[in-house]
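Asks: Here it is: the structure, laid out below.
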Amino acid sequence: DALGTGNANKQQDINHLLDKIYEPTKYPDLKDIAENFNPLGDTSIYNDHGAAAEALMKELNDHRLLEQRHWFSLFNTRQREEALMLFAVLNQCKEWYCFRSNAAYFRERMNEGEFVYALYVSVIHSKLGDGIVLPPLYEITPHMFTNSEVIDKAYSAKMTQKPGTFNVSFTGTKKNREQRVAYFGEDIGMNIHHVTWHMDFPTWWQDSYGYHLDRKGELFFWVHHQLTARFDFERLSNWLDPVDELHWDRIIREGFAPLTSYKYGGEFPVRPDNIHFEDVDGVAHVHDLEITESRIHDAIDHGYITDSDGHTIDIRQPKGIELLGDIIESSMYSSNVQYYGSLHNTAHAMLGRQGDPHGKFNLPPGVMEHFETATRDPSFFRLHKYMDNIFKKHTDSFPPYTHDDLEFAGMVVDGIAIDGELITFFDEFQYSILNAVDSGENIEDVDINARVHRLNHNEFTYKITMSNNNDGERLATFRIFLCPIEDNNGITLTLDEARWFCIELDKFFQKVPSGPETIERSSKDSSVTVPDMPSFQSLKEQADNAVNGGHDLDLSAYERSCGIPDRMLLPKSKPEGMKFNLYVAVTDGDKDTEGHNGGHDYGGTHAQCGVHGEAFPDNRPLGYPLERRIPDERVIDGVSNIKHVVVKIVHHLEHHD
């Protein structure tokens with residue numbers, strides 16, 4: 001940055017901008033900017049000479065922007081456009097001064113939800129945002145993550161000036177079988193992973209914003225496939241069958257009562273049990289979705305899609321799933337949105353609106369219309385099982401891998417061991433809900449926290465003993481998967497049946513010297529997961545201390561919040577223990593990373609979230625080598641670089657550190 005703004009100052013600015021988002025800023029420097037800054041005063045501060053700022057200022061001056069104290073949904077076209085106009089302004093800033101000034105100015109003038117969304121995606125995608133850790137959304141907009149009962153208690157605590165920590169219970173009762181797995185869909189870390197992935201890979205992204213989102217369509221498939229597979233693992237751990245796919249012409253069996261409220265806009269709508277899909281005014285007719293689906297099935301059966309100019313594009317090739325993901329979601333990368341529509345996005349809005357499909361009661365959007373809250377609704381996983389089966393039809397159209405495809409010559413995996421027991425348990429996690437309550441002139445803030453039960457596991461280490469029978473050192477890619485052995489009825493699954501339910505535990509690159517070698521890898525280093533985020537309070541303290549002490553701030557370990565929470569790497573399992581197959585596939589790292597920064601430890605969460613602004617670090621299809629049909633298990637068993645062992649995971653009801 002030309003002004004030499006350090007990470008500590010940037011972090012402090014972002015903290016201040018997001019503090020008490022529903023109230024005017026209390027920080028004098030930001031207040032001064034908000035009153036006196038003119039976004040069009042000096043257009044040389046922007047790369048586009050102020051074109052984006054001019055467009056947004058026109059909307060503001062014409063009183064066309066959504067008012068404050070109103071709900072915001074990304075699935076609402078106009079509201080999304082407004083948020084993106086602010087993103088465009090911030091994204092065009094050359095220096096931090098411009099970024100900070102515009103953010104402070106529009107914070108006081110734009111809808112709070114639009115502002116938060118625009119600020120988050122700008123920090124994620126702009127070079128100026130490097131080094132900044134975005135505070136956990138569950139502390140910035142707690143209403144989206146916390147049930148109404150707890151928010152009410154928070155108000156009471158504030159008014160009576162009594163600090164408090166309040167227990168959040170999962171929705172539903174024991175009469176509802178789905179309640180057994182509510183801890184998964186309602187986990188605040190899982191919600192953050194889902195909402196952040198959609199910020200990292202937004203549907204609206206165009207390369208003119210600065211770079212290409214590599215393999216976005218394929219990652220859309222893989223991330224949601226893994227969420228669904230993980231949900232099925234949790235169901236298996238709770239004596240439930242795998243989630244059933246959604247059908248447009250059948251009833252939606254499971255209703256959902258979210259028991260959460262918007263900060264402004266009333267309660268999230270309830271959907272009763274056993275309702276038929278209805279057309280939704282202003283969104284779509286059910287029949288439209290059936291037509292869209294049949295066109296996608298046609299493309300898979302033909303092996304090609306038709307682009308908007310009428311040309312055919314072959315999808316029976318490695319990049320095929322990428323093209324398919326883009327049209328199913330759909331994103332701006334879709335080859336032909338007019339013809340293939342937007343199956344996933346429209347379906348989210350359709351499900352969100354089933355409580356009030358004709359706008360008769362003027363209800364706000366449902367939980368499915370926010371990425372923060374979508375996974376709470378059991379129908380989210382039914383919708384994604386439906387999408388997942390479309391992708392499976394495509395991957396099943398490829399020939400199975402042969403021995404030669406899978407072999408990494410000279411590389412032998414001799415054994416796999418786990419150092420440490422695979423034990424899961426629930427523990428308590430606290431987060432602040434101070435931002436949920438309003439501040440009065442004379443009412444001091446008191447500590448108000450929500451306490452939730454979250455799944456966790458003991459740390460463990462993989463020990464992979466192997467032999468590299470080649471002359472020299474080789475770069476290897478280690479791919480680790482956990483696969484079910486039996487279904488919910490105790491029937492043994494073939495590998496071909498199990499492979500689609502496997503979950504990715506880790507993927508890493510490592511040089512293996514010639515001769516025998518033992519590779520050790522800690523569960524906490526997984527490229528699939530992220531650690532718990534620092535609290536907003538902790539981010540504020542660290543930034544303030546660094547600024548006051550004149551030293552810089554390095555929070556790079558937390559820079560990405562896209563990734564499965566560390567604590568949820570393993571499925572819960574059962575108290576008596578469950579057995580699973582642990583697969584380790586070692587593949588040729590030079591081929592896998594050809595054309596990339598080979599052998600470099602990408603760290604972070606590249607397995608499901610890629611690397612910002614760079615090509616995806618692995619050339620193989622996501623899910624390799626289990627993503628294609630395996631009619632004959634002997635092919636997998638016959639290569640020396642792939643091995644599996646049976647592991648046992650036990651759930652402890654009482655946890656003692």
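Any Cβ shown, glycine's included, is placed from N, Cα and C.
Pulled these features from Swiss-Prot for this protein:
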{"type": "DISULFID", "residues": "Cys93-Cys98", "note": "disulfide bond"}
{"type": "CARBOHYD", "residues": "Asn167", "note": "N-linked glycosylation site"}
{"type": "BINDING", "residues": "His194, His198, His224", "note": "Cu cation A binding site"}
{"type": "BINDING", "residues": "His344, His348, His384", "note": "Cu cation B binding site"}
{"type": "DISULFID", "residues": "Cys483-Cys502", "note": "disulfide bond"}
{"type": "DISULFID", "residues": "Cys562-Cys609", "note": "disulfide bond"}
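Could you place the listed features in the three-dimensional structure?
Replies: Long-range neighbours of Cys93 (disulfide bond) (same chain, six or more residues apart, CB within less than 8 Å of its CB): Ile45, Tyr46, Asn47, Phe99, Asn102, Ser126, Leu128. Under DSSP, Cys93 (disulfide bond) is assigned to a strand (E or B) in the three-state scheme.
In this structure, Asn167 (N-linked glycosylation site) is part of a beta strand by DSSP.
Mapped onto three states, the DSSP output places His198 (Cu cation A binding site) in helix. Using a 10 Å Cβ-Cβ cutoff, His198 (Cu cation A binding site) registers 19 neighbours.
In the three-state DSSP scheme, His384 (Cu cation B binding site) is classed as helix.
When Cβ atoms from all protein chains are considered, those within 10 Å of Cys502 (disulfide bond) total 21, not counting its own.
In the three-state DSSP reading, Cys562 (disulfide bond) counts as coil.
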Asks: According to DSSP, which of helix, strand or coil covers Cys483 (disulfide bond)?
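Replies: Where Cys483 (disulfide bond) sits, the three-state DSSP reduction gives strand.
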Asks: His344 (Cu cation B binding site) to His198 (Cu cation A binding site): how many Å between their Cα atoms?
Replies: 13
Asks: Could you check which of the binding-site residues (His194, His198, His224, His348, His384) sits closest to Cys502 (disulfide bond), going Cα to Cα?
Replies: His224
Asks: Should any of the recorded positions Asn167, His348, His384, Cys483, Cys562 have a Cα within 10 Å of the Cα of His194 (Cu cation A binding site), which are they?
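Replies: Candidates kept after distance check: Cys562.
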Asks: Using C-alpha atoms only, work out the spacing between Cys609 (disulfide bond) and Cys98 (disulfide bond) and round it to an integer in Å.
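Replies: Answer for this pair: 29 Å between alpha carbons.
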Asks: Once the DSSP letters are reduced so that anything not helix or strand counts as coil, what is Cys502 (disulfide bond)?
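Replies: Assignment for Cys502 (disulfide bond) reads coil.
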Asks: What subset of the recorded positions Cys98, Asn167, His348, Cys562 lies within 10 angstroms of His224 (Cu cation A binding site) at the C-alpha level?
Replies: none
Asks: Among all the protein chains here, how many other CB atoms are within 10 A of the CB of Cys562 (disulfide bond)?
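Replies: Result for Cys562 (disulfide bond): 23 neighbouring Cβ atoms inside 10 Å.
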Asks: Other than His194, His198, His224, which residues of the chain come within 8 Å of the Cu cation A site, judged by Cβ distance to the Cβ centroid of those residues?
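Replies: Counting only non-site residues, the set is His193, Val195, Trp197, Val223, Leu227, Phe371, Ala374.
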